[in-house]
Amino acid sequence: MSDKIIFHQYEISPFSEKVRIIFGIKGIEWHAVDQPVIMPKPDLVCLTGGYRKIPVMQIGADIYCDSQIIVRELERRFPTTALPDGNGLGAALGFWTDREVFQANVAITFGSIGEHVDESFKKDREALSGRSFNTDEMKQAVPIMLEQMRAHLAMLESQLADGRKFLLGDKPGLTDASAYYNIWFARAANPDGGDLFDSFKAVQAWELRVRNIGHGTRHEMSTEDAIAIAKDATSTAYEQEDPHEPNGLKPGMAVQVMADDYGRDPIAGTLVSSSASQIAIRRSDDRVGEVVVHFPRAGFWVLPG
C-alpha cells in the first residue's frame, strides 16, 4: 500500500488539473483523495504540517507540497516515461504559467462570475492571499486582464504556428500541462467565457489534443485511508547535506518552510535533506505519526526554526 500514488485534490483545482495531465502523459495509476475547496482541511494539514494549498501528493509517509515538486518526484519514480522538458525548461516555463498567466486568469474568471462567488470562498481566499479578494475590483480589471491573457495566448499560438502537435514538438510535456490548465480552468469556472479563445485556432486544436491525453488510471480513496497509510508507513527519505548550501543548512536543524507568494503558513520541522531544487523536513502529528514533507526550493523560503 505504501507505494501508491495518493493525490490530494479537488475537481475544479487548476493546479490539480496540471498534475492530472502529467499522470495521463506518463500513464500513471493513482488514487484521488478529495479535499475541501476552503478551510478547514483537517485531513490535509495533519499530513502537511499546516500547508493548505492543493494539490499535495502522498506516497506512504512522504508528502509532496506544490505541483513543482510533485512533477519532479514523478519524473524520478517513473523514468521510462520521462517528460521531454521535465525538470529544466518545463519547470522554468511553469513560473510563467503559474504566476503571470494564472493571475490574469483569476482576475478575468472571478471578475466575470463575481456575483456567483460564495462569500465563504472570498473570505477563505483573502486568508490565503493576505489581501482583499474583491470581485468588484476584479470586474473593473477585466478589460486590462483580457489584453494580458490575449498576449499570453498569442505566444502559444505563435509557438504552434508551424503545425507542431505540442508546444515543444511531437510529444507532450510539462509545458503543455502547465499552459493547458489555465485554459481548462477558464472554461470550467466560466463556461460562458470561451469567446476569448475563438481567434486562436492553433491553440484550440492543441487544447483538444492535450485534453484527449486524459488523466491516467484513477481510483478513489478516502481521507481516512490516506491517513492510515501514512501512519503505517516509513518515509524513504534519507539525510543528505548539500555542500553548496549558501546558508549553512544541515540535516537535524530546526527550520520553517513557507511559500513566497500566497498561503504563507510556515511549516516547521527538522531538516532531512536539501539541494538547489528541493528541501525535505521531518515532522510528527498525533494522527499520522512521523512523516517527511517535501517542498521545491524555487518559490519557497527556508527560515530558522
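Backbone N, Cα and C define each Cβ position, glycine as well.
Feature list (source: TrEMBL):
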type	residues	note
DOMAIN	3-82	domain 'GST N-terminal'
DOMAIN	99-233	domain 'GST C-terminal'
Ask   = Taking the domain 'GST C-terminal' (99-233) alone, what is its mean pLDDT?
value = 95
Note = In DSSP terms, the domain 'GST C-terminal' (99-233) comprises 98 helix, 6 strand, 31 coil
